[in-house]
Structures are given as structure tokens and as C-alpha cells.
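Colleague: From Swiss-Prot, here are the annotated features:
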{"type": "REPEAT", "residues": "5-44", "note": "repeat 'WD 1'"}
{"type": "REPEAT", "residues": "104-142", "note": "repeat 'WD 2'"}
{"type": "REPEAT", "residues": "145-184", "note": "repeat 'WD 3'"}
{"type": "REPEAT", "residues": "189-228", "note": "repeat 'WD 4'"}
{"type": "COMPBIAS", "residues": "337-346", "note": "compositional bias 'Acidic residues'"}
{"type": "COMPBIAS", "residues": "358-367", "note": "compositional bias 'Low complexity'"}
{"type": "COMPBIAS", "residues": "390-405", "note": "compositional bias 'Basic and acidic residues'"}
Amino acid sequence: MPEIDVGSQIFDVVFHPTFATVYTGLLNGHVKAFAYNEQGKEQAAFSVRPSKRSCRGLSIKHDGTHLYAVGKAKALKYNFISGLIIRCSVIDTATAQISTRPGAHDSTINRVKYLMPWLISTGDDDGVIKLWDPRQQECVREYTQHFDYITDFLWLDDKKQLVATSGDGTLSVMDVRSKKPEPFAQSEDQDDELLSIVAIKGHSKIVVGTQLGILSIFNRSKGWGDCVDRVPGHPLSIDALCNLPPGLPNVDPTSTVLTGSSDGYVRAVQILPTKLLGVVADHGEWPIERIAVGGGWWVGSVGHEDLLRMTDLEGFFLDQSEDKELKGALGVTNENEQSDEDEEMDVLGNDAGHPEVDGSGSSSSGESSEDSEASDGETPQAKQRKRKIEQKPLDVDKPKGRNEIDVENAFFDEL
């Protein structure tokens with residue numbers, strides 16, 4: 001796994017849409033670009049510093065000509081007061097020239113998203129979302145439906161809608177064609193911080209990562225009021241989500257996502273039905289903050305460290321397929337695919353006590369009721385089906401830390 005040492009903690013990472021170049025936004029305010037080859041060997045392309053304060057978010061134009069960077073900075077306005085000014089910088093990716101727009105927000109900007117030609121969006125710590133036309137000095141629209149920080153954006157091009165997730169526990173949908181400052185829709189409070197968002201199944205379903213480690217599934221045809229399914233399994237928060245590029249072998253990119261969790265793992269997870277395909281990258285004790293996929297099927301992941309980790313997705317999925325073929329040739333079965341003789345007894349219709357995570361919500365109980373109705377009129381009882389019960393299908397055994405110890409509960413009873 002190639003690693004690029006950038007010299008400072010990384011807040012965000014994006015890839016050029018056509019060239020083999022990756023961009024990083026750093027804690028020290030630098031934006032560094034690296035060119036890489038098919039073997040993952042990198043070479044520094046350029047380094048600019050739009051601000052002396054941290055660069056929190058990056059987004060790149062569809063043709064790769066401009067890179068948008070946001071963060072926190074101080075500016076001196078004439079000879080008056082030196083105050084907190086939030087900047088939005090535009091970087092020419094060919095010449096590395098910078099144009100800065102001070103005063104874009106009143107608080108730190110966390111996210112920026114290129115939507116379409118002449119329209120970008122920004123979201124800040126106070127939950128304010130603004131739409132910008134780079135040709136104009138002032139924002140074209142401002143939304144204030146959120147009261148906590150904006151965590152992520154998703155652009156739905158078919159309806160020209162911008163979906164934003166927030167730390168206040170809701171997501172909102174804004175129709176950029178409307179001139180109203182109110183959102184088109186807003187979800188109910190999900191009782192959890194919403195941290196990341198991607199679309200699957202041809203943008204018909206939306207996957208949202210939460211602080212409690214649950215993937216919430218929204219169905220666009222059912223409305224935005226509440227999620228239709230919840231997929232547990234991650235032991236800690238899901239801070240980053242990313243789609244897979246088309247053309248990868250042995251995987252359906254329309255139903256598989258990459259998840260970045262605070263436990264330091266980047267996982268490949270199939271949604272509907274839910275299945276852990278494997279651990280793509282391991283950052284050790286460092287939480288995953290951002291994931292991005294670039295040309296050549298490379299995925300870049302960053303955490304609370306100075307390293308950008310590059311992983312070859314094609315090699316990962318080919319290795320997964322070869323492992324399965326080898327086990328099948330040797331007559332070895334996976335733990336999740338053991339024979340009926342080695343699995344625990346689980347009678348259909350008694351699944352309520354042992355729920356399985358299959359991404360289908362209440363469909364399991366519905367199938368159980370149908371089976372029970374069909375068997376009411378039959379005297380002989382149907383053969384009981386045996387299957388293994390998975391409590392945490394997405395959990396991964398984590399090696400014990402250097403200073404970590406095991407303490408029995410009784411130790412705390414005397415305190």
C-alpha cells in the first residue's frame with residue numbers, strides 16, 4: 001500500500017477527473033498536489049498556501065481545471081480591525097494561481113461541493129449553506145435550516161437537488177432551481193449525527209453514515225421524511241462514504257460502497273443485501289476522515305495523520321475473488337458460509353430474537369409471517385432451516401493497543 005507523507009494532518013482529499021493527480025488539504029493551510037503512476041509511485045506536482053489557517057474542504061471542477069478550497073483564515077480589512085474572515089479560494093490546477101474571496105461565511109467552512117458550471121455550494125460550522133456563482137461577488141442563495149455544522153454534500157443531477165447532512169441529526173434537500181431560501185424537504189431528527197452521504201442503486205437510494213456506526217438508508221420514492229432501513233455493524237462512527245468506480249472486477253459498484261470508520265478501517269460493504277466484502281485499508285489507531293477514488297482504480301484515504309494511503313481497488317477485489325476460488329478448490333468454506341451441520345439452529349419465524357443484518361429492514365419479519373401462514377393448513381411440519389446467526393457482520397477484530405488492558409466489570413463495582 002503506497003503511502004504519501006505530506007508533512008501535516010490531512011483534512012480532505014480529491015482526485016483529478018482525468019489525470020493521475022491527487023490533491024490534499026492540510027492543517028497548516030497548504031494544498032498539495034501529487035502525480036502518481038500505475039504502481040502508486042508519487043511525485044510532488046505543486047504546493048500552494050491559500051491561507052495560514054487550516055484547509056478544511058476541497059472540491060474539483062468537472063473538467064479538472066479549477067480546485068475549490070475552503071477553511072478558516074484571518075484577514076486585515078484596510079486599516080481597521082483584524083478579525084476572523086472565512087475565505088473561499090479557487091486554485092488553477094495547471095498554473096497553481098490562486099484567487100481568494102474573503103468573507104464568504106461568518107464561521108469556519110467545513111465542506112465545499114462543485115455542483116455544475118457556475119454553481120458551487122459551501123457549508124459552515126453554524127449550519128449555514130450558501131450557493132455561489134464564481135462570476136459574482138455575493139452568494140446567490142443562503143439556507144439556514146440547520147443549526148449545527150454541515151458534514152457532507154450530495155448532488156442529484158437528475159432533479160438539480162443538493163442534499164446536505166448535518167450534525168443536528170437531519171438532512172435537507174434544496175432545489176437549486178428554486179429561488180426560495182427554504183429547503184425542498186428536510187428529514188425528521190434521526191437522533192444521531194449524520195456524518196457522510198452517498199447514493200446507490202442508480203441514485204434511487206441514499207446511504208448516510210452516522211455517529212453510532214449505523215448506515216441509514218433513504219428511498220427517494222418514499223420521500224425524505226425518515227429512513228426506510230438501518231444497517232448496523234460498524235463499531236464506531238462512519239465519518240466517510242465513497243462510491244466505487246464502474247468497471248471493477250467481481251463487484252457491483254451500484255450497490256457497494258467504501259466506508260471509513262473511527263476504528264481505522266476502510267471497508268468495502270455491499271448494501272441490500274448487506275455483506276462485508278473485506279477491509280480495503282487499515283490506518284491503525286487513526287480514525288478515517290475522508291475517502292476518495294481516482295483514476296486507475298486507486299482509492300485515497302486519510303485520517304488524523306500526515307499520511308495519504310493509496311490502495312489499488314482492482315488488486316483488492318481480484319484478491320478477494322482468488323481467495324474464494326482457492327477455498328472452493330480446496331473444499332474449505334468461509335465462516336459465513338459453513339455447512340448446515342456446523343451452524344446453529346434458527347427456525348424461520350423466530351428471527352425476532354436474533355435479527356440478521358440484510359439491508360431489507362422489516363422484510364425478514366414479513367417473510368416469516370408468510371411462511372407461518374402457509375404452514376397453518378398443513379399437518380406435517382416443514383423441515384427446519386438452519387443458518388448461522390451473525391451479531392455484527394461488519395465488525396472486524398482489532399489488535400489490542402500498546403497500552404490497552406482488559407478489565408473485568410467487577411473491578412468497577414468497588415469504586
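Glycine too: its Cβ is placed from the backbone N, Cα and C atoms.
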Colleague: What are the helix, strand and coil residue counts for the repeat 'WD 4' (189-228) according to DSSP?
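Modeller: Here the numbers are 3 helix, 18 strand, 19 coil.
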Colleague: Determine which residues of the chain contact the repeat 'WD 1' (5-44) at the Cβ level, with the cut-off under 8 Å and only residues 6 or more beyond its ends counted.
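Modeller: 50-60, 62-64, 67, 69, 71, 73, 91, 93, 96, 289-296, 298, 300-308, 310, 312.
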Colleague: From the DSSP assignment alone, can you count helix, strand and coil residues within the repeat 'WD 3' (145-184)?
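Modeller: Counting residues by DSSP class gives 0 helix, 18 strand, 22 coil.
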Colleague: Averaged over the repeat 'WD 1' (5-44), what pLDDT does the predicted model reach?
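Modeller: It averages 92.
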Colleague: Within the repeat 'WD 2' (104-142), count helix residues (DSSP H, G, I), strand residues (E, B) and coil residues, in that order.
Modeller: 0 helix, 20 strand, 19 coil
